[in-house]
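I am attaching a structure below and will ask some questions about it afterwards.
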Amino acid sequence: MCLPQTWHSGWNGNNVPSASFISPVQQRGLLHELRKGSATKEQICLHHLVQQLPRAIIIGVRKGGTRALLEMLNLHPAVVKASQEIHFFDNDQNYARGIDWYREKMPFSFPHQITIEKSPAYFITEEVPERIFKMNSSIKLLIIVREPTTRAVSDYTQVLEGKERKNKTYHKFEKLALDSNTCEVNTKYKAVRTSIYTKHLERWLKYFPVEQFHIVDGDRLIMDPLPELQLVERFLNLPSRISQYNLYFNATRGFYCLRFNIVFNKCLAGSKGRTHPEVDPSVVTKLQNFFHPFNQKFYQITGRTFNWP
Ligand code: A3P
């Protein structure tokens, strides 16, 4: 148990512990030590570190850039990320373990910080909106989307790579995306269904008002991440702290990478940013035409318009 620490200089006069006595760089260092398991119980007590339920969740969309978004938001000194996908709300077994199990999966943070987790399966799983609503009906929900056909190909590419790793053969994208009998778009194919964003969003809207969602443009996050991150900062009511200094383009990776400070920077793992297979242009057009009306509805509901075909 933590004893009251009335003697150190971190109190702010309201009997609320303040973390101001250690700098943001030191705070990050301490949280890093904790993640490695090398911080002491005394440090946890001294700095009033807590495991907080998320105040915002990146609910999807798979292959939209969910990892990049989480890692980039973690550049903000008031944001702490749950590194792993926790799959609490979409996995019945995990959900049955209860909310304390979920909280214990959260990283330690300072009381003034907010915790964010991402599990892209949440977006498409039937039971999740109601379960999240029961935990916190005012939680902020982030959805990162990409042009739906590109997202579907990215989804396919991930599965293909998994099969190849196991020396298994796999169908071509064209075969999966079109129904072989009708030559129409195969709506039973999961990679297609996931890209019908409006269908999934409509289920969420039965529980949460549209203002509680923020849509992130995943294509712009790739090309020019800062403006997208600034919109998220505003949505989360955070002061604007992520700057161009924190993001640099790495020509070898072909993506923006993250600079936390003068000594620590990192790019995302190689599994992010795979080369997509060439897809028959007529199949691409068919998919684009198929997604078009759903996209229009998505723009209408969310108030965010994209230049998708
Ligand atoms: P591709 O592999 O199709 O290029 P998710 O994290 O949801 O699985 O999304 C993966 C996608 O994030 C990648 O899809 C990649 O394009 C995108 N991405 C966005 N910003 C990135 C970054 N800075 N580094 C690597 N990938 C990034």
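Cβ atoms are placed via backbone N, Cα and C, with glycine included.
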With the disulphide bonds as TrEMBL has them, who is the partner of C267, out of C183, C257?
C257
Per-residue pLDDT averaged over the domain 'Sulfotransferase' (54-298) comes to what?
97
On a simple 10 Å Cβ count over all chains shown, which one of the recorded positions K63, K272, R274 is most densely packed?
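Highest number of other Cβ atoms within 10 Å: K63.
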Using the structure shown, find which entry in R67, H276 (the binding-site residues) has the sparsest Cβ neighbourhood within 10 Å.
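Selected from the binding-site residues R67, H276 on minimum Cβ neighbours within 10 Å: H276.
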Using a 10 Å radius around each Cβ and counting other Cβ atoms from all shown chains, which of the recorded positions G65, S154, C257, C267 yields the largest count?
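It comes out as G65.
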If you measure C267 (disulfide bond) to K63 (active site, for sulfotransferase activity) at Cα, how many Å is it?
17
